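Visitor: Per TrEMBL, region 'Disordered' is recorded for 362-387. Per TrEMBL, the feature transmembrane segment maps to 12-31, 43-64, 76-93, 132-152, 183-202, 214-237, 257-278.
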């Protein structure tokens, strides 16, 4: 069969890209709406999403035999504990970061995801990345530092003696300015996503190389691990007292958004898993990355429109630099993938390390796009990781 016949129809590619972008955008903005309305319930909100994902996997297995759920046993659970624990830690930091920063700033706060992924992958593979890959990571890092650096502009304010003095803008309280703690959450989220991406390759053999089974283990295991923190942190008791107290007041203030937001993000988190897998399978890595870049631009514009986020020149430039570095990375990896295969001896050495050229290229294409999302769905997109 010719390559032309193997190529998917353009309408199919467009549909998959639109499906992926739509699911990712819904996840980010509904997540943000819930966390903004009920900021004291982030872990319970995350637990609800994980439980809904598990329920939907069971429903999918009931509907079609293509979704085969794993047999739960203690030996496999022990082997998968590292990937599950790293997953839930990354999810928690991702959720806390999204809660504390503006939706349009979220991609800047997690801007170190690509450089950290390249670093972790290189350390595990014991192989230095190419100069062009390092250059792309450097560009992304510069974009991140540009976005999180304090503004150097100066503005006039009046002091207590009514005299005008010049002070740095970052000395003035700014409701749009992210805190250092939220930036730390974003950095840790990116770091654990990078580690999680590497652990997936070693975890798949324990799940019969099934991404669906790994997704089930990850979501179920993450729900079990986070449950004690929901109970000990008081979130479960708080919502219980609210519901059995003044139910109407709680429902009007945050209950409606919290409940429906949990359902919507749980369902779309599951759909994002499917969308991410389809995007990697149907489209090329370059198309996948360009669709992610377009989604990032839309996310910024929608954040300004829906949540009235701040979009100044520095933030816009930071996002453009991060996107430029990420797309350049994809271009570089596409060129490296198109190069002739290495000599047999070199390939055999890589196979002895458990890393084939094909697997390495697939991982490096799939890992950086994570979100996305991304976007707080490491467990639900575990088959892609790829968030």
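Placed from the backbone N, Cα and C atoms, the Cβ positions cover glycine too.
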Visitor: Would you say the transmembrane segment (257-278) and the transmembrane segment (43-64) are touching, if the rule is that at least three C-beta pairs must lie under 8 angstroms and be 6 or more residues apart?
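Guide: Touching, yes - the transmembrane segment (43-64) and the transmembrane segment (257-278) meet the threshold of 3 or more Cβ pairs under 8 Å.
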Visitor: Is the count of Cβ pairs under 8 Å between the transmembrane segment (214-237) and the transmembrane segment (76-93), pairs 6 or more apart in sequence, 3 or more?
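Guide: The answer is yes, given that the two segments have at least 3 Cβ pairs within the 8 Å cut-off.
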Visitor: Going through 76-93, 132-152, 257-278 one by one, which has the most CB pairs that fall under 8 Å from the transmembrane segment (183-202)?
Guide: 76-93
